[in-house]
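Copied from Swiss-Prot, the annotated features are:
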| type | residues | note |
| --- | --- | --- |
| DOMAIN | 132-335 | domain 'ATP-grasp' |
| BINDING | 162-217 | ATP binding site |
| BINDING | ASP289, GLU302 | Mg(2+) 1 binding site |
| BINDING | GLU302, ASN304 | Mg(2+) 2 binding site |
Amino acid sequence: MSKETLILLYGGRSAEREVSVLSAESVMRAVNYSRFIVKTYFITKGGEFIKTQEFTDRPAEEEKLLTNDLAESYPKISPAAIYEKDAVVFPVLHGPMGEDGSIQGFLEILRLAYVGPNILSASSTMDKLLAKHVFEAVGVPQVPYVAAFADENQVEIAQEVVEKLDFPVFVKPANMGSSVGISKVDDLADLQPALSEAYKYDNRVVIEQGVDAREIECAVLGNNSDVSATLPGEVVKDVGFYDYNSKYIDNKIQMDIPAKVSADLAQKIQEYAKKAYKAVNGAGLSRCDFFVTKDGNVYLNEVNAIPGFTQWSMYPLLWENMGLSYSDLIEKLVDLAKETFETRENHLL
């Protein structure tokens, strides 16, 4: 029986390309090579596509995916040249142009099956302001927030923050993930510098109420009504703020899997996770991040439609705790991608 082709897209145009490379390298090592051939394509910061490597067997531990200058010495190809009949694409891409619906729309035009969120679920979860409206509509609790726009009066925005929120607050670009561009603000004097930093990444910003809470995460897997959620895990920080470097570069975090929570609280988190996932028409996978306060209040922080897939990432570790290995998880995601593709094609008839 001939092997199936799994195409890995990695790199990308966003500030989160480092995470993408780390995730893609983990995937290429964990793939079941008795079933798949893996073909890799690097997307440069400028948006060019470069065919890099091809693996028919598990690569050596020291082998790395080509990136940046090394990859750019390879010939650039037309983006459409990644097409291969019956191949499945795993877009291991984070942030804008990766999990905002852009690459998903491109792959649908090519009529390729792909792992993860569709156009709607990608774009709606990537946009923090839109996501907040959706989750509010289905009754999933969230922390209070203020919306800010770069072209509005910044003094009036500051006044609204003072009236509606208490410090500390967190200032977040509406369309960015992995803590990129996010600042913790302890007083009014630091608000404008934090807004200026966030506006570098998006002209729409969310200012959220800070809460003294545990950070609890739940992994979701499935399509349509057949959706499963894991027991939750907890992010245990030894840094003051769980920023981009502490998440992915310095690895200054630890995780408790499963989280030390009551059965009732775990069930509530799982139900909120599945409700939020279905509300945005989730497909394939998502990681739902929650705050849990000392008095037991649960707030949804965000739904991450393409969560980190590195060897120390919460999403695969949560499923491993449920008995689903990393390699089997990848196969399940490929099968879900093919199922979604068939459904989409049938709806076009």
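Glycine is treated like the rest: Cβ placed from N, Cα and C.
Structure coloured by features recorded in Swiss-Prot.
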| residue | record | Cβ neighbours (10 Å) |
| --- | --- | --- |
| VAL162 | ATP binding site | 13 |
| VAL169 | ATP binding site | 27 |
| MET176 | ATP binding site | 25 |
| SER183 | ATP binding site | 19 |
| ASP190 | ATP binding site | 16 |
| ARG204 | ATP binding site | 19 |
| VAL211 | ATP binding site | 18 |
| ASP289 | Mg(2+) 1 binding site | 20 |
| GLU302 | Mg(2+) 1 binding site | 21 |
| ASN304 | Mg(2+) 2 binding site | 23 |
Quick one: mean pLDDT on the domain 'ATP-grasp' (132-335)?
-> 92
Minimum Cα separation from ARG204 (ATP binding site), reported as the residue among binding-site residues ASP289, GLU302, ASN304 that achieves it | GLU302
Once DSSP output is merged into helix, strand and coil, VAL162 (ATP binding site) belongs to helix
Can you tell me the three-state DSSP label for MET176 (ATP binding site)?
-> coil
Cα of MET176 (ATP binding site) to Cα of ASP289 (Mg(2+) 1 binding site), in Å and rounded, measures 15
Around the Cβ of GLU197 (ATP binding site), other Cβ atoms found within 10 Å total 15
Compare the Cα of ASN304 (Mg(2+) 2 binding site) against each of the binding-site residues SER183, ASP190, GLU197 and report the nearest.
-> SER183
What is the separation, in Å, between the Cα atoms of SER183 (ATP binding site) and GLU302 (Mg(2+) 1 binding site)?
-> 16
